[in-house]
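Per Swiss-Prot, region 'Disordered' is recorded for 47-196. The compositional bias 'Basic and acidic residues' annotation in Swiss-Prot covers 53-65. Per Swiss-Prot, compositional bias 'Polar residues' is recorded for 66-81. Annotation comment: Swiss-Prot describes 82-93, 118-170 as compositional bias 'Low complexity'. As annotated by Swiss-Prot, domain 'tr-type G' applies to 283-452. The annotation region 'G1' is assigned in Swiss-Prot to 292-299 on the grounds of similarity to another entry. The GTP binding site feature in Swiss-Prot is assigned to 292-299, 338-342, 392-395; the stated evidence is sequence analysis. Among the features that Swiss-Prot reports, region 'G2' is placed at 317-321, with the record citing similarity to another entry. If you look up Swiss-Prot, you'll see 338-341 marked as region 'G3'. Residues or ranges marked as region 'G4' in Swiss-Prot (evidence: similarity to another entry): 392-395.
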Amino acid sequence: MSKVRVYEYAKEHQVSSKKVIEALKDLGIEVANHMSTINENALRQLDNAIDGTNKKAEAPKKETTSNENGNSKGPNKPNMTNSNEKSNKPNNPAGQANKPATANKSQGAKPATNKPANTSKQTQSSGNQQQAGGQKRNNNNNSNRPGGGNPNRPGGNNRPNRGGNFNNKGRNTKKKGKLNHSTVPPTPPKPKELPEKIVFSESLTVAELAKKLYREPSELIKKLFMLGVVATINQSLDKDAIELICDDYGVQVEEEIKVDVTDLDVYFENELNEAVDESKLVERPPVVTIMGHVDHGKTTLLDSLRNTKVTLGEAGGITQHIGAYQLEIHDKKITFLDTPGHAAFTAMRARGAQITDITILVVAADDGVMPQTIEAINHAKAAGMPIIVAVNKIDKPQANPDRVMQELTEYELVPEAWGGDTIFAPISAKFGEGLENLLDMILLVSEVEELKANPDRRAIGSVIEAELDKGRGPVATLLVQDGTLNIGDPIVVGNTFGRVRAMVNDLGRRVKKVGPSTPVEITGLNDVPQAGDRFVVFEDEKTARNIGETRASRALVAQRSATNRVSLDNLFEHMKAGEMKEVNVIIKADVQGSVEALAASLRKIDVEGVNVKIIHTAVGAINESDITLAAASNAIVIGFNVRPTAQAREAAENESVDIRLHRVIYKAIDEIEAAMKGMLDPEFQEKIIGQAQVRQTINVSKVGTIAGCYVTDGKITRDSGVRIIRDGIVVFEGEIATLKRFKDDAKEVAKGYECGITVQNFNDIKEDDVIEAYVMEEIERK
């Protein structure tokens with residue numbers, strides 16, 4: 001007998017090569033892999049080992065088969081197919097005997113006709129038991145012999161052998177076996193116990209609620225329907241529906257309110273709502289805002305209080321920034337905010353009223369109540385702040401304080417002397433009269449208001465002013481409203497963030513920490529914030545950076561969406577805007593407040609047919625990138641209290657960009673308004689330049705009617721328009737076709753001269769008609 005490879009032996013015995021290798025190793029025969037050869041002696045030992053294993057495995061299989069009506073079920077079907085396929089191989093060794101009788105023994109009295117799979121299986125078992133001599137076995141019993149598969153089957157020798165794979169009864173038997181195995185129904189899983197409490201935020205879908213309650217969504221939909229709520233699996237449920245379902249199951253419900261940590265207003269609301277230990281609160285200085293009409297003496301009043309010349313530093317004597325100063329009077333501090341009185345600073349005054357405690361309304365005794373005075377009253381009332389009226393300029397001869405009091409009663413500001421509750425303090429800011437009384441009134445009102453703050457918490461407050469300093473970078477003037485601000489604190493200011501590097505008070509001195517109601521100038525931010533933004537100090541720099549970057553990205557997205565947003569409501573406005581001319585403007589200023597003021601004023605310019613489009617605003621000097629943007633968008637650059645850099649000036653000359661520099665806001669507004677009026681379509685006015693009387697008419701073929709005229713008034717020009725007037729009625733209006741003096745063409749014919757005139761597209765000229773000549777002159781728009 002020749003040697004056999006491991007994989008060939010495994011294939012003949014229908015076992016894996018791995019199993020054969022393991023069996024050889026158990027016998028002490030080492031083989032390398034499935035391609036190794038097995039000698040005859042090893043084959044005999046391996047046959048005995050494999051036969052012993054098969055006998056042990058066959059015994060329970062036979063027992064199982066006999067318990068199920070003595071039939072071998074469908075799982076043996078692949079073995080039968082393999083046997084039939086092997087029977088067609090020509091390499092079966094001669095002398096190998098087939099054992100059909102073994103199949104009959106294992107099946108008892110039942111004929112083998114109905115069990116082709118069993119025949120193959122039992123034949124293999126018999127063949128394995130009789131291989132003691134080491135000879136190769138033939139696993140096929142019948143396929144090489146006609147009719148040998150089952151001698152008891154009628155016509156068995158005449159029917160072709162299909163190997164059992166296409167036997168319908170075999171298939172049915174297999175199906176029956178499957179049905180018999182699945183007769184025991186699976187035990188349904190027990191539902192999980194209900195939770196004691198569920199937590200949700202805003203709303204839940206039916207599927208999400210079912211998951212939280214460990215129940216099927218269909219069960220919840222049914223319960224909702226019984227409760228009168230029709231819902232689908234993906235439908236969101238409101239709080240009431242969730243509570244109804246959970247109450248039916250006996251589960252508690254808790255709604256979780258998510259707080260947006262990037263919303264700085266939340267920190268201010270929490271300060272108002274949370275209960276504070278009274279022992280930690282200390283008295284804080286009052287924040288006083290000085291309001292009033294332009295040139296009524298607000299800055300002069302503050303100048304007198306501080307004994308400085310603040311007014312001299314303002315261009316044109318007009319306050320154009322918010323100034324914050326702190327004074328110490330009678331061992332008590334008062335913080336003053338000096339807001340501009342010009343109408344352009346309405347937004348700044350409104351912002352000042354929101355962060356103030358007391359409003360001082362300055363009214364000139366010689367001027368009375370003015371428009372900005374009324375506006376300041378409305379701001380203070382809207383903020384709910386107490387008002388102290390300072391009647392200024394009482395030193396002037398034409399001063400009339402009683403008239404001021406009378407006018408203010410119309411706005412519900414009744415003096416205490418007249419039975420009201422408004423404090424009136426007559427003063428002269430220029431000469432310092434009545435200032436002591438005014439300061440006493442401020443301290444009195446602050447005591448009544450009981451202004452307190454907690455200095456032990458992290459600081460929160462508002463931005464009074466912001467600017468870009470060339471040497472220090474972004475600089476912001478902050479008013480600490482609560483808590484204490486220290487150097488090194490991580491801070492978020494509006495949409496900017498950073499760490500406080502340095503702090504300078506209103507006197508220009510460096511400080512390490514500031515308490516409530518104290519103005520301070522800080523550096524260390526990554527960008528210039530907006531005036532009026534709120535600031536919050538956080539625990540660590542990482543949190544501040546994340547919140548600041550998130551707020552900046554949201555602001556950028558909101559800005560982009562706002563500029564491009566179109567709805568059905570404003571669609572027609574957008575369509576109309578396409579027909580309107582625009583003045584593109586870039587505004588650069590020294591501080592953010594001036595940028596806002598100038599932008600607001602330019603937007604209010606009401607010139608028919610022209611819009612002001614502010615495409616960019618920023619704080620700092622005019623740089624080269626501003627010129628590039630202006631050149632691309634055909635814009636005018638307005639610099640307010642700033643100058644262009646050398647590179648920017650050179651770029652502006654190369655790109656022919658118009659740069660306008662101003663130090664007083666009135667001049668900037670007037671200049672832009674004048675430029676806008678120049679951009680309007682020209683306005684024309686008709687001007688009659690002369691009249692001529694028709695004395696004779698001549699009809700000429702191919703030319704028409706020629707009117708022989710005498711100029712009675714003014715002159716007739718070649719390019720003028722004409723009207724044909726007959727009996728005082730205009731019968732035609734058109735243009736002159738030809739104008740001749742004798743036989744020569746003439747540009748104009750003066751009074752007292754005769755001429756020949758033909759009119760375009762009109763030949764019905766008659767004697768005694770009057771030809772009136774006129775021109776359209778462009779006039780300046782007002």
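In case you wondered, yes, glycine gets a Cβ from its N, Cα and C as well.
The structure, with features from Swiss-Prot marked on it.
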| residue | record | DSSP (3 states) |
| --- | --- | --- |
| G292 | GTP binding site | strand |
| K298 | GTP binding site | helix |
| I394 | GTP binding site | coil |
Subject >> Integer mean pLDDT for the region 'G2' (317-321) >> reply: 47
**OP:** Determine the Cβ neighbour count for G292 (GTP binding site): the number of other Cβ atoms within 10 Å of its Cβ.
**Re:** 29
Original post:
How many other Cβ atoms are found within 10 Å of the Cβ atom of K298 (GTP binding site), counting all protein chains shown?
Top reply: 27
**OP:** Around the Cβ of I394 (GTP binding site), how many other Cβ atoms lie within 10 Å? Please give the count over every shown protein chain.
**Re:** 19
Original post:
Once the chains shown are all counted, how many other Cβ atoms turn up within 10 Å of the Cβ of D295 (GTP binding site)?
Top reply: 16
